[in-house]
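Pulled from TrEMBL, these are the features on record:
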| type | residues | note |
| --- | --- | --- |
| TRANSMEM | B:39-62 | transmembrane segment |
| TRANSMEM | B:83-104 | transmembrane segment |
| TRANSMEM | B:124-144 | transmembrane segment |
Amino acid sequence: MRIVDMRTPLARVKGAGGLPDGVEHWEAERVSAVMLGPLSLWAAFSMLRLAGRDREAIVAWAGRPLNAALLAALIGLVTRHMQLGLEVVTTDYVRGWKRSAVKLAIRFASLVLAAYGGASIVRLLVERSGKNG
Amino acid sequence: MDSREALYVGVDSDGGVLKRPMSPHLDVYRFRLSMALSIANRISGVLSAGGFGLAVMWLGALASGPKSFGRARCLSHSLAGRAVTAGWLVATVYHLVGGVRHLIWDDVHRFEKSEINRDGRTSLIVTGGISAVLTGALCVLGGARARKARRTALKTAK
C-alpha cells in the first residue's frame, strides 16, 4: 500500500490542477489589463510625439519624472500581464514536467525584462540630471 | 469504437489510466468568425509580448548611449524593422480591442449569438482603423522629422 492512499481525496487533488490558484491568477490578469488601457493610450501618443526625433530629444523626454514614472508603470504592468497570459497558454498546451519548466522560464524572462527596463529608465534619468546640473 | 478515442487517454491524480470524456471537436463545426477571433486574441497576445520585448531592448539601447541607439535606429528604420513594428502595433491593438470584449463578457453582457457576430465584425473594423491611423501617423511624422533633421544637419555642415 502506498503512502499516497492515506491522503483524503481532497488532499490528493489539491494543487494537481492546471492552475492551482486560478481565481487569483484570473483576477490579476484582468486588473493588470484594465490598468494597461489608459497606459497604452499614453504609450501610443508618446510614440507619435517621439517618432523620428533625435536621441537628445528622446532622452529629454525620458528624463521627465512623470514620463519616467509612467514608463516604469507600463513596463511593470506589461511584464506582469504578459507573464500571467503566457502561463495560461502554457497550462493549456504544455504537459507534464515541461509545463513547470516553461512556466519557470516565462517567470524568469519576465523578471529580467522588467529589471532591464527599470535599469534603462534609471540610467536615462541619471544622464538627464547630469545635463541639468 | 471510434479511432479518435485513442486521443482521450488520460491520467488521474493517482497516476492511473482513465478515459477522458469526448468533447465536440473543432472539425465537427462549420467555420465561424468568432472562433478565429477567439484564438486570434491569444496569438495576438503572444505576438504583442514578443514585440514588447523588442521595445524594451530598444529602450536599453537608448539608455546605453548614442552608438547603440544608432544601431537600434538602423534596425527599427529598416524595411524589416518597419514591418515588425507595424505587425506589433496591429497585434497589440487587436489584443486591446479583444480585451475590452472579454471584460464586457466577464460582466455577463453581449453573449447573444447576434451580438457576438456583430461585435466580432466591429472589432475587426475598429482594429483596422486604429492600426491604420497609428502606423500611418507614425510613418508620416517620423519620416518628416527625420528629413528635417537631415536638412538641418546638412546646413550646419556647410
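Note: Cβ is positioned from N, Cα and C throughout, glycine not excepted.
Predicted automatically and left uncurated, TrEMBL annotations should be read as such.
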Using a Cβ-Cβ cut-off of under 8 Å, list the residues of the same chain that are 6+ residues beyond the ends of the transmembrane segment (B:124-144) and lie near it.
37, 82, 85-86, 89-90, 93-94, 97
Distant-in-sequence neighbours of the transmembrane segment (B:39-62), which means Cβ under 8 A and at least six residues beyond its ends:
68-69, 71-72, 76, 84-85, 87-88, 91-92, 94-95, 98-99, 102
Using a Cβ cut-off under 8 Å, which residues of the same chain at least 6 positions beyond either end of the transmembrane segment (B:83-104) come close to it?
37, 40-41, 43-45, 47-48, 50-52, 54-55, 76, 110, 119, 123, 126-127, 130-131, 134-135, 138
